[in-house]
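Take a look at the structure set out below.
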Number of protein chains: 2
Amino acid sequence: MSKLTDVPKRILIGRALRSDRLGETLLPKRIALPVFASDPLSSVAYAPGEVLLVLSIAGVSAYHFSPWIAVAVVVLMFTVVASYRQNVHAYPSGGGDYEVATTNLGPKAGLTVASALLVDYVLTVAVSISSGIENLGSAIPFVVEHKVLCAAAVILLLTLMNLRGVRESGALFAIPTYVFVAGVFTMIAWGAFRGLVLGDAMHAPTADYQIKPEHQGLAGFALVFLLLRAFSSGCAALTGVEAISNGVPAFRKPKSKNAATTLAMMGLLAVTMFCGIIALAATTKVRMAENPAVDLIHNGVAVGADYVQNPVISQVAEAVFGKGSFLFIVLAAATALVLFLAANTAYNGFPLLGSILAQDRYLPRQLHTRGDRLAFSNGIVLLAGAAMLLVWIYGADSTRLIQLYIVGVFVSFTLSQIGMVRHWNRHLATERDQAKRRHMVRSRAINAFGAFFTGLVLVVVLLTKFTHGAWVALLGMCIFFATMTAIRRHYDRVAAEIAAPDTPGEDTVRPSRVHSVVLISKIHRPALRALSYAKLLRSGTLEALSVNVDATETKALRDEWERRGIDVPLKVLDSPYREVTRPVIEYVKSLRKESPRDVVSVIIPEYVVGHWYEHLLHNQSALRLKGRLLFTPGVMVTSVPYQLESSEAAKKRARRRQDWNAPGAVRRGPAAHHDRTKESSPSA
Amino acid sequence: MSKLTDVPKRILIGRALRSDRLGETLLPKRIALPVFASDPLSSVAYAPGEVLLVLSIAGVSAYHFSPWIAVAVVVLMFTVVASYRQNVHAYPSGGGDYEVATTNLGPKAGLTVASALLVDYVLTVAVSISSGIENLGSAIPFVVEHKVLCAAAVILLLTLMNLRGVRESGALFAIPTYVFVAGVFTMIAWGAFRGLVLGDAMHAPTADYQIKPEHQGLAGFALVFLLLRAFSSGCAALTGVEAISNGVPAFRKPKSKNAATTLAMMGLLAVTMFCGIIALAATTKVRMAENPAVDLIHNGVAVGADYVQNPVISQVAEAVFGKGSFLFIVLAAATALVLFLAANTAYNGFPLLGSILAQDRYLPRQLHTRGDRLAFSNGIVLLAGAAMLLVWIYGADSTRLIQLYIVGVFVSFTLSQIGMVRHWNRHLATERDQAKRRHMVRSRAINAFGAFFTGLVLVVVLLTKFTHGAWVALLGMCIFFATMTAIRRHYDRVAAEIAAPDTPGEDTVRPSRVHSVVLISKIHRPALRALSYAKLLRSGTLEALSVNVDATETKALRDEWERRGIDVPLKVLDSPYREVTRPVIEYVKSLRKESPRDVVSVIIPEYVVGHWYEHLLHNQSALRLKGRLLFTPGVMVTSVPYQLESSEAAKKRARRRQDWNAPGAVRRGPAAHHDRTKESSPSA
């Protein structure tokens, strides 16, 4: 495991070199926990606040419902953790929800889950970074004054880091995550000690603020709806729980058992922290409002647009540790850092899911190859662009962004659990061993309850949040779904078109001879090399071809051809309009017309240069000609490269590029265990 | 000649189809005048105003110098016209200043002229469109309130028109130009009639404004400097005079004589209009200030930032015709239209000069081919981008932009005239016919005076305008000059590197055999076609090559290979990291190491699809592999295309693209007469 100090070094020095041992490094539980749990654990930094925000609509009196909402979230958390422990045992390959849904519910359900997850990755970045900025801002006012700018800067930094291929290391995750967890637990313990033992009255900075309720005296259906909305917001604490089920191959043996244990630990930690913060918020009288500028009253006056509403966790820390105290600063920094790490997990997850989808031909094939740099780069840039857009549109306001979140998570939770129920049904149909059957029935019951509960939450989330922003997330899912369906349809159509005929030889007329044509513009080394290679091919006929765009030059070419005694006939095409492409294409077509069973082989000498800008200066007409020739049937196009001196640089660059290490390797586990998509995908 | 009504039709329908007759259409003088003179004639719309603006610095009393400055401009105009009449006779090939300077003063001077002209084309667009917007704004207030936006919109429109290849037609130029000229002459005549015969007192809208002089009571050197600056600004009237010397091939016979006559007509028209407007401005008491907000006083108060200073021509028109009168509106519209046409001439000139420079290898070679769409597009986009940037930076303020203008024009005037003096010297050295010698001596005297006078103006312009913005233009020239020098150096270095050895066979060891390798991923029609073509080539050895990224798929491939009884040995490379490129490259290298005299021919089956987005879905790994193979010595890379059904669409598109007609064809004249760069360029 590399050390934390490696990170700045790598950023300065450049991409990490390939380590063949990396693939074989497996994670012990104490490292796996922070690697996979930074996302769900970090969400306790914003989830409690969201609950209070929604309740504040009915006035501060509604705050007394917050423990009940916490209880509901805890029950949900235990349900989801219990359900995913079943997934981890049943699908140790790390395929995650996409695999479970595809295998058990069919490709449409799988694609729905995939769309939901892709949208969710984008939102993980946007929400985590916005919330991180808000937490950092509680310690450093400058940051919160330039929220969007700072959030954009962090996204850019993460993007660059991931594009350069900074390798994930367990320590990178372990230290801030453990500092964060320790900080929150210290806060809860110290707060409990001060409150219960010392009897201190701790006051949050907003303790003496009043809230002007937007709706006075809510009751009946309206109150229930509000509580459900508050619960929906609290569910933000559950995002990222499924991450471990994607990462089973990265665990030490026994993989499934270790993963399940880690999942339970994570659930326990998250729940304790969530409840502790809710309890401290109630004790220290944290006051939050959805529209603080208008609804938060201090000394009888609304606080106005300049007021910055700090996150619950930082208000509580201020009350417990004291404003500006060392522990307060440490906790704020650790919170921000864990949130940024949570965002970073999406940078690994998005391209990884992309490569699985590509294997199933829902995304361009080039995303498939593991560790392919270009593919990862495209995925990373797409993710960063979408997150940046959301951050910009929503002003880096985590509260508004959270309205979009959660929908995707619960779509994938629900479908995955329904899939698991089907999985057990299928296995129960054939399993005869009574002990195993009992076990399966128990698992099925857990998953069925999970499916029911998460499905219920999904309905609640859709009902309470649709107009608040959930529709944006749904729209995003539809776009992903439609795009991927179209790509798959294209691949299927092409596959049908190019399928080899069953009986060999059925495929129309057999070509009989090759007519080779070497394109010559003037006599130089590349041209001479192309001629000598062409001669070696011993095709039916061989001729050199030049286009007369300039009479003087053509004459010089003919003269030199004769002087050198080149034993290949030189044919010159006229080009009244000084074009090169058209006369060549027409000549090739005329050759084909004369003898349709012949194949025309066009041989083009090409320079190879080292820099992209040099490339702009060469080969453009050759490139265009090649592009056109490819559309002409019965043609093969051969490039004979001539390496110029400057090409050495490009060769080195290409080699370095191949040694590049894709980010997210740690959590994906070794390559050998990675063939799990076999089951669900047609071999393409 | 196509009709004006064609333009909207073409815009709606799309690109004009090729007309082979177009190349043979020659321009009569009455059409050539508007085609070539829209730029210099349109500059009378802003040049008089610039003179008044500068004079206003010394207060309204300095306005009485304006007739003297007009006289100086007239003398300069006659000098330049007389000089260029010599150019037109001596260089009827249409090479223009670049050819004259290169031939007579060497490539450095030629490149300087080219850089100056390129910068000038950019400024022609920026200045003409800004001024057009200001003239339009005098009739339509909305336009002047959103100057930058409207200017950008016009640039965008011109760019799109030129990118789509709307064909220049003589009528398109003739109608607005003649309406403009007629309008200005009507204004001058009617103004003279009202003033001299009717004795009307005509008042410009600013007649009762006062000007607060920025420098009171200037005298001595300071006054001379100010007058020189005013003269420099007035020289804006001379921009574009050289256009005819580039267009001689487009004239009817006798070409040179007709061109010279047109040049004289243009000079006479421009001078008359310029002086007429200056005189009317004095009569109607037009008041303009450099900083109108502060220095223009109305009823004792500065007019403030909201004040819009209308161009002189529109103020005069208002005084003569009456505000909002029919003729006033017609003249404003014609002025704006002529200015936009003037900008359009730069859209033709910029890529044309680019193609000449490319022929001399100062710019990428692909710009060379006449009518090459891509090349023209690049030039047009570069021009539009630079002009847009200038318009944005300078707030579409023609007065500030004009400070950058003129430098380039006079650099090219001066060098061209010096070149002409050398030209006559050279010819006088050999010419023995006394009559011809007398003629040459006379021409030389004219050109020498032209060189002296334009050189003097260049010095004046540099001295008076350097800090006002001329440095930007000089910087632009330096950038063009440096870039083109670097490109030329690159081409020269490559040419030396690839030059064929003098004695044939000197070039190292001869290759002896070809080892062919067909890349196979699975058995489909493209793969079968590649195999059958490869067999036809009868190379030394032939094998099929596959990379094992997935054991199941590889086994299926082997089985089908056997079942089909394909008589080519199948070799499978292992790839523990699921890569494709690296194992293939390494295998090819190992083949070369075993028998260094062999050539390896790699044959790749490729799909051809019809849309760019489909292309994203295919061939990516093939493309990357090809890219890497080109860097490997002793390799030839062959694509065997397989045309999918959707490729039909792309084929049609490509054909249509080839039938595209480059803009600016009318002024360039027929293709056959276009070989005039021969003299100055090494045949490359």
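Placement of Cβ uses the backbone N, Cα and C atoms for every residue, glycine included.
Whatever TrEMBL says is automated annotation, not expert-curated.
Worth saying up front: this structure is predicted, and the values here are computed from it rather than measured.
Residues annotated as transmembrane segment in TrEMBL: B:65-84 (among others).
Per TrEMBL, transmembrane segment is recorded for B:111-133 (among others).
Annotated transmembrane segment per TrEMBL: B:139-160 (among others), in sequence order. For the transmembrane segment (B:139-160), the list of distant contacts is 125, 129-130, 132-133, 308, 314, 328-329, 332-333, 340, 343-344, 347, 380-381, 384, 387-388, 391-392, 395-397: same-chain residues at least six beyond its ends, Cβ to Cβ under 8 Å.
Residues or ranges marked as transmembrane segment by TrEMBL: B:172-193 (among others).
Annotated transmembrane segment per TrEMBL: B:218-241 (among others), in sequence order. If one looks beyond the transmembrane segment (B:218-241) by at least 6 residues along the same chain, the residues whose Cβ comes under 8 Å of a Cβ in the stretch are 37, 39-40, 43-44, 46-48, 50-51, 53-55, 57-58, 62, 65-66, 68-70, 72-73, 76-77, 80-81, 84, 120, 124, 127, 263, 266-267, 270, 274, 342, 345, 402, 405-406, 409-410, 413, 457, 460-461, 463-465.
Marked as transmembrane segment by TrEMBL: B:262-282 (among others).
Within the same chain, residues 38-39, 41-43, 45, 98, 114, 117-118, 121-122, 124-125, 128-129, 131-133, 135-136, 138-139, 154-155, 158-159, 161-162, 168, 172-173, 176-177, 179-180, 183-184, 186-187, 240, 243, 246, 313-314, 317-318, 367, 375-376, 379-380, 382-383, 387, 662-664, 667-668 sit at least 6 positions outside the transmembrane segment (B:326-353) and bring their C-beta atoms closer than 8 Å to a C-beta of that stretch. Taken from TrEMBL, the feature transmembrane segment covers B:326-353 (among others).
Per TrEMBL, the feature transmembrane segment maps to B:374-395 (among others).
Tertiary proximity for the transmembrane segment (B:401-424) is limited to same-chain residues at least six positions away from its ends with a CB under 8 Å from its CB atoms, namely 46, 50, 80, 83, 86-87, 90, 96-97, 100-101, 103-105, 109, 112-113, 116-117, 119-120, 123-124, 126-127, 130, 232-233, 235-236, 238-239, 242, 390-391, 394, 440-441, 443-444, 447-448, 450-451, 454-455, 457-458, 461-462, 465, 468-470, 472-474, 477. Annotation comment: TrEMBL describes B:401-424 (among others) as transmembrane segment.
A Cβ distance under 8 Å defines the sequence-distant neighbours of the transmembrane segment (B:445-463), meaning residues of its chain 6+ beyond its ends; these are 76, 79-80, 82-83, 85-86, 228, 231-232, 235, 406-407, 410-411, 413-414, 417-418, 420-421, 424, 470. Residues or ranges marked as transmembrane segment by TrEMBL: B:445-463 (among others).
TrEMBL lists B:469-487 (among others) with the feature transmembrane segment.
According to TrEMBL, the region 'Disordered' annotation covers B:646-684.
Among the features that TrEMBL reports, compositional bias 'Basic and acidic residues' is placed at B:672-684.
Distant neighbours of the transmembrane segment (B:65-84): 47, 51-52, 55, 227, 230-231, 234-235, 237-238, 241-242, 244-245, 263-264, 266-267, 270-271, 274-275, 278-279, 281-282, 413, 417, 420, 446-447, 449-451, 453-454, 457; these residues of the same chain sit at least 6 beyond its ends, with a Cβ under 8 Å from one of its Cβ atoms.
When each of the listed stretches B:172-193, B:262-282, B:374-395, B:469-487 is scored by C-beta pairs under 8 angstroms to the transmembrane segment (B:111-133), B:469-487 comes out highest.
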